[in-house]
Amino acid sequence: MATLIHTLADHSDDVNYCAFSSSCLATCSLDKTIRVYSLSNFTELPYSPLKGHTYAVHCCCFSPSGRVLASCSTDGSTALWDTRDGRRLAVLEQPGASPVRVCRFSPEATYLLSGAADGSAVLWDVQSLKLYRSGNVKGGSLVACAFSPNGNFFVTGSSSGDLTIWDDKMRCLYNEKAHDLGVTCCDISSHPVSDSENGFKYFQMASCGQDNQIKLWLISFADFLGVELKYKCTLNGHSAPVLACAFSCDGQMIVSGSVDKCVIICETSTGNTLHTLSQHTRYVTTCAFAPHSPLLATGSMDKTVHIWQLDLRRPCAGDTVENESKVAVEDWSEDDVSAWLCAQDLADFVGLFKMNNIDGKELLNLTKESLANELKIESLGQRSKVLQKIEELRMTMISVSVPVPDEFLCPITRELMNDPVIATDGYSYEREAMENWISNRRSSPMTNLPLHSLMLTPNRTLKMAISRWLETQQK
């Protein structure tokens, strides 16, 4: 049983990542902030939100003691924060100033690893806050990383689909093509498992990717034998790219979140699905188990973080594994519509929608005219906002069985472009995202080279191609 016990809805844009310490939960967002909550009552700490990044915050993580929080951003930096008072302790600039996609402390807090869009991986000495070692993955962005339990090795995942194992001297020890369309996340369990073939101790590793799959691996980190990576199995429960995966503290469960808007919890020993959670209304971007309590956090592009209470008793033979409220939008009740309005910062309209008996089917049929004439929403701005959210909801209903072509995704937001423009670096971006980018800097998001001009030219050919693709998906 997984019970939704609390929803955090403080971020004003997509939630990109969430992380637990023994007493706190941290979340970060496209809105440039990090928020920190107490696990005792899920209230936000007095110093939260943490501000300082000048663009989207992609990842955050606690040090093993929980006293330091790291965050990394598209602005090319990794920041360290004191979790006692929210003071910013340091700003670590990525060499080359490339957008930093992921960061992670080693188990003994000796190092902080930061990985960036240009493929650079940097080990920072946590005590001196100086660069210790650096390296590069080939042919893609570094988007995922995880340390071995002893901290002497770490694994990185790239957008080209490779898993790479490194030692703490930044030597590349092993490389494996794991996901054809790109790795999105990886995690290593701290609990060893034995291998009956040779008696060695292995650790479980999970990776997930744009190929809709979660792969489980057995990995050994014996100094005298080197590293060894063995494929174990593939979990195929999701119907779209899997964006996040994480082990429970005892290594017996793995949770994953996907573009299909579902969260799936599986038993690692059997691969059986224990729970499917479907309360998020947009892509699930992050998920994490708490270290010392039966809690799970899941974050989404719907701007919310759900907190779940887990019943850790294993299902017995013959028990029915529940599928928690996986309801199509057309079948939403009036209460489901009310919950959606709250998640979209439209809570002021809950009473009006209930008074007019707006359920899921009615919601999808609302137009500019019906909002004005039937629901009597007088403000043009408010009508436009409601219609925009409804259109976004209709977009998410497009079948996700076929991945969105990469050329249709904005390189900054990684979302389907609505108003593509060409910058002087030759790349196409979502207009609003690129305008926000050049308001803070005058370099290319893709190459980091200076832009000779800030002119943005509408890419009408690409916009037409996206429209045709959307039409084929709606048939």
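Each Cβ is built from the backbone N, Cα and C atoms, and glycine gets one as well.
Quick look at what TrEMBL annotates:
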DOMAIN    332-396  domain 'SAM'
DOMAIN    403-475  domain 'U-box'
REPEAT    50-91  repeat 'WD'
REPEAT    100-134  repeat 'WD'
REPEAT    146-167  repeat 'WD'
REPEAT    235-276  repeat 'WD'
REPEAT    277-311  repeat 'WD'
Contact ranking winner - 50-91, 146-167, 277-311 against the repeat 'WD' (100-134), Cβ under 8 Å: 50-91
Counts by DSSP class (helix H/G/I, strand E/B, coil) across the domain 'SAM' (332-396): 47 helix, 0 strand, 18 coil
Same-chain residues at least 6 beyond the ends of the repeat 'WD' (50-91) whose Cβ lies under 8 Å from its Cβ atoms: 13, 16-24, 26-36, 97-105, 107-109, 112, 114, 116, 124, 126, 129, 412, 436-437, 440, 445
Residue distribution over DSSP helix, strand and coil in the repeat 'WD' (146-167): 0 helix, 14 strand, 8 coil
